[in-house]
Amino acid sequence: MLKLICIAFLVTVLTLVAGQDSLDPAEFGCADDVNQAELLKNNDICLQCEDLHKEGVVFSLCKTNCFTTEYFQHCVKDLEEAKKEPPE
């Protein structure tokens, strides 16, 4: 019985770890065949944008319609400008 519990635990942990490098395209309004690398990159842009603006709604607006809204474009622009600014 202990072996069965250990195996179930390992399977659960491995499943959680393996899923960290992929995202569900439907969560972003994307087609199922969307490139995972692009999805991860765009998701990271939205997370950075949310952190930059310190507003939780930014992430939701940024990722809407598979990153095709003006909010996403503004995030890309804002992050580029933030990189150009000298650190305080």
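Using N, Cα and C of the backbone, Cβ positions are placed for all residues, glycine too.
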Per Swiss-Prot, cysteine bonded by disulfide to CYS62 (from CYS30, CYS46): CYS46
In sequence order, the disulfide-bonded residues (CYS30, CYS62, CYS66) whose C-alpha falls within 10 A of CYS49 (disulfide bond): CYS62
Neighbour count (Cβ, 10 Å) for CYS30 (disulfide bond): 20
For CYS46 (disulfide bond), the one of CYS30, CYS66, CYS75 that lies nearest, given that the disulfide-bonded residues are compared by Cα: CYS75
Euclidean distance between Cα atoms of CYS75 (disulfide bond) and CYS62 (disulfide bond), Å: 7
Candidate with the highest Cβ count within 10 Å, taken from the disulfide-bonded residues CYS66, CYS75: CYS75
